[in-house]
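Taken from Swiss-Prot as is:
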CARBOHYD  Asn36  N-linked glycosylation site
CARBOHYD  Asn70  N-linked glycosylation site
CARBOHYD  Asn156  N-linked glycosylation site
CARBOHYD  Asn174  N-linked glycosylation site
CARBOHYD  Asn205  N-linked glycosylation site
CARBOHYD  Asn241  N-linked glycosylation site
CARBOHYD  Asn312  N-linked glycosylation site
CARBOHYD  Asn341  N-linked glycosylation site
SIGNAL    1-11  signal peptide
Amino acid sequence: IVLLMVVTSNADRICTGITSSNSPHVVKTATQGEVNVTGVIPLTTTPTKSHFANLKGTQTRGKLCPNCLNCTDLDVALGRPKCMGTIPSAKVSILHEAKPVTSGCFPIMHDRTKIRQLPNLLRGYENIRLSTSDVINAETAPGGPYTVGTSGSCPNITNGEGFFETMAWAIPKNKTAMNPLTVEVPYICTKGEDQITVWGFHSDNETQMVILYGDSKPQKFTSSANGVTTHYVSQIGGFPNQTEDEGLKQSGRIVVDYIVQKPGKTGTIVYQRGVLLPQKVWCASGRSKVIKGSLPLIGEADCLHEKYGGLNKSKPYYTGEHAKAIGNCPIWVKTPLKLANGTKYRPPAKLLKERGFFGAIAG
C-alpha cells in the first residue's frame, strides 16, 4: 500500500495510520504504537449494496441484444428466429444470468456440450456481428442432396416453422445410412476477427430416425479447429415429448456445440445423419471485460463491484467484502485507515522539548 504523508513542519511528519480506538484522534504507528494526534481524515468507506450501472465513460453491455425482447442471451447466440438483432459494442460486459439458461426453441441437450458457455464467450469480445452469408451450402453438402428442415417448436417472426439462423438441419432426400463424411468450414469473416461457428446434430426415437434419415443406429460426429477435436455419439430415443417455447412438442433432441476459428484457419466437421450444418457465423474482435452482475443497469458509476454493484469513489480505500471490480475503484483494505492532518498531541501539563519524527505505519 502506498503511504500517504502530510508534512506539518520541519520537525513533525504525520502519516497514514489505522484507527486504534473509538477516538478519531488516535492512530497506531509502526514505530511508536498508539499515538494521539490533533486531527485525522478518514480514508476508508464501507459500501452498501446497490444496483448495477453503466461504467462512466465506458460502453457497458447488459443483454447481448437489448432490443431482442423475451430472449435469453443463448437465444441470441444461437440465432433463434425471433431473437435476431444487433449486439452493441462494449468495453465492459455484465454477466447477468445467474444460472445456466436454456434457449426457448427446439429442445437442446445442454449438458452434453459446452454450449451454455457460448453467450459468455461472446460477452468477452468488444465487437460482435453475425455474418450476412452462410459458411456452408447445406443443400449440397457431402452426403446430400439435403432439404433444410424447420420445426414448429422454433417459430419465426410470422409464427411459421423456423430454425436457428446459425445452423441448417440437413434432412437427406435419400433415406439411407451413411458412413462418416467430412466437410470443411472455411473462414469467412472479413476483418481479421475470431470466427465462432455453431454446429450440432439431431437425434430421435428409432421410428423417427428411420423416417427422417433412413438409419436408426447411433450416429457419430466430430469437430476440429485450432488443434481442438471433440467427438460425439448420438443418443437414440428415451426422450419425453418436450418444448422450450410453448410450441409443438418434440420427441427428439439436438446437441449443439461451437468451434472458434482464428483468422484464415479452416475447421472441419465429420458427420453422419442428423447433422446441423453451420450457417451464419459470429465474427468477433477486441476484448470486453466481464463482471458478474445484474440488470437493469441504472445510471452511471465510477466502479462496478461484484458484491456491491455500482460504486462512486468517495474515498481511496474501502472495507467490507473483497471481490472483483472494474473501473475507477477504491482499494480494498482489512482495517479502516485514517490520515493524520495535524501534529502529535501533547498534554498541556507536560512540556516536550523535542519534536521529532514518530513513524510510519505498516500498510
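Even glycines carry a Cβ here, placed using N, Cα and C.
This view paints the features noted in Swiss-Prot onto the structure.
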residue: Asn36; record: N-linked glycosylation site; Cβ neighbours (10 Å): 14
residue: Asn70; record: N-linked glycosylation site; Cβ neighbours (10 Å): 9
residue: Asn156; record: N-linked glycosylation site; Cβ neighbours (10 Å): 15
residue: Asn174; record: N-linked glycosylation site; Cβ neighbours (10 Å): 11
residue: Asn205; record: N-linked glycosylation site; Cβ neighbours (10 Å): 15
residue: Asn241; record: N-linked glycosylation site; Cβ neighbours (10 Å): 10
residue: Asn312; record: N-linked glycosylation site; Cβ neighbours (10 Å): 15
residue: Asn341; record: N-linked glycosylation site; Cβ neighbours (10 Å): 13
Checklist outcome for this item: In three-state DSSP terms, Asn205 (N-linked glycosylation site) is classed as coil
Checklist outcome for this item: Expressed in Å to no decimal places, the gap between the Cα atoms of Asn36 (N-linked glycosylation site) and Asn341 (N-linked glycosylation site) is 12
Item to check | Nearest of the glycosylation sites (Asn70, Asn156, Asn174, Asn241, Asn341) to Asn205 (N-linked glycosylation site) - Cα to Cα | outcome: Asn241
Checklist entry - In whole Å, how far is Asn156 (N-linked glycosylation site) from Asn241 (N-linked glycosylation site) when you measure between their Cα atoms? => result 21
Checklist entry - Which of the glycosylation sites Asn70, Asn156, Asn174, Asn312 has its Cα nearest to the Cα of Asn341 (N-linked glycosylation site)? => result Asn312
Checklist outcome for this item: Asn70 (N-linked glycosylation site) sits from Asn312 (N-linked glycosylation site) (Cα to Cα, rounded, in Å) at a distance of 32
Checklist entry - If you run the three-state DSSP split on Asn312 (N-linked glycosylation site), which class comes out? => result coil
Checklist entry - If one measures from the C-alpha of Asn70 (N-linked glycosylation site) to the C-alpha of Asn156 (N-linked glycosylation site), what distance in angstrom results, rounded to a whole number? => result 14
